[in-house]
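**Student:** These came from TrEMBL, pasted as-is:
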DOMAIN    66-385  domain 'PDEase'
BINDING   183  Zn(2+) 2 binding site
REGION    374-416  region 'Disordered'
COMPBIAS  377-397  compositional bias 'Basic and acidic residues'
């Protein structure tokens, strides 16, 4: 096998649940020129003929098994993948940065999708490794760990009674694929940035859902390259996958939310209807994509800091190149707390209120409780910070006042 093939095949969990570690070098350690070329190919993969991998014997060993204690911890944590307090950061450390590969493979196996769709496990492993590698590890937020976190959240939603009782195996397959690939090859900047810098992707997709279209097309390109589903009927698989990923476009939030409310008000959602099931999958993925504020504070706070770091990095680039700084990306006029409070109030809470109406379960109650506590936590932190800044400002003024007063001579002083 070639070096690339050996690296791709040296990761993941096998069917029996053993957690394996990749022997490939992390992207940051690769030569810059190689990373740039790979990035260019990942952007354009779907525009060119597929570069298929040639067969690797299934008997090949899949890399180095972690030490017993390390492996045991990862396997134990993976057994709790359906828990809402699942710590994806810990799991990523325990799998040596291979959380997306291990978690997604495990879920495919849990649902019996490998056997049901007769998926070649070697091809599946290659596909998952390719997905993970096409996420940019230098992004503080939009990286493979975020994709793994969204996939785990999606699994929690797929397990909710209303969905578990009605979703088909094809729904499950597409739902997990969409979650794993929904931010594929994210550049770490938002759509307005791509538009105002005349990026070719903005022109390609006519300034509409630029990132989401790119994630979708990149995912389709990887599916073709891996040859994973070539033995299955095509039908409208690509379009359905795209429809799910495009639903994560935050600029279209109100459109989806309005339709969701209308369905809930009318009570006309029927999940035996394929169209309605697909719409609920879209809403589930939307929730999974922005569920960080609904996680326990320990996890939620880390995600909040990471996404703000990515925002501010974009703002720094804009400032450096004399571009108008996107309001949320201006580190001089924003804080993590203020950004999160606004995000929770205007984006997250309206969506999860409606999801809770649709799926009034213990999980929904837990998410809403965390959301409320986290919002309060950020408000208290902001208030303390503002109070501290106010005291510091007052203390700076006080010595000046004393010095000024000391220069005033008492009445009757001979110094007058």
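These residue numbers are counts, starting from 1, taken along the chain as shown.
Yeah, the Cβs are placed from backbone N, Cα and C, and that goes for glycine too.
Because TrEMBL annotations are produced automatically, they should be read as predictions rather than curated entries.
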**Student:** Using DSSP, how many residues in the compositional bias 'Basic and acidic residues' (377-397) fall into helix, strand and coil?
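**Tutor:** So the counts come to 21 helix, 0 strand, 0 coil.
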**Student:** Apart from its near flanks, which chain residues at least 6 from the ends of the compositional bias 'Basic and acidic residues' (377-397) lie with a Cβ under 8 angstroms of it?
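**Tutor:** That would be 297, 301, 304, 335-338, 340-341, 344.
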**Student:** Looking at Cβ-Cβ distances, which residues of the chain lie under 8 angstroms from the residue listed as 'Zn(2+) 2 binding site' while being 6 or more apart from it?
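**Tutor:** Residues satisfying the criterion: 135, 142, 146, 147, 150, 211, 215, 248.
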**Student:** If you average pLDDT over the domain 'PDEase' (66-385), what do you get?
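**Tutor:** Looking only at the domain 'PDEase' (66-385), pLDDT averages out to 97.
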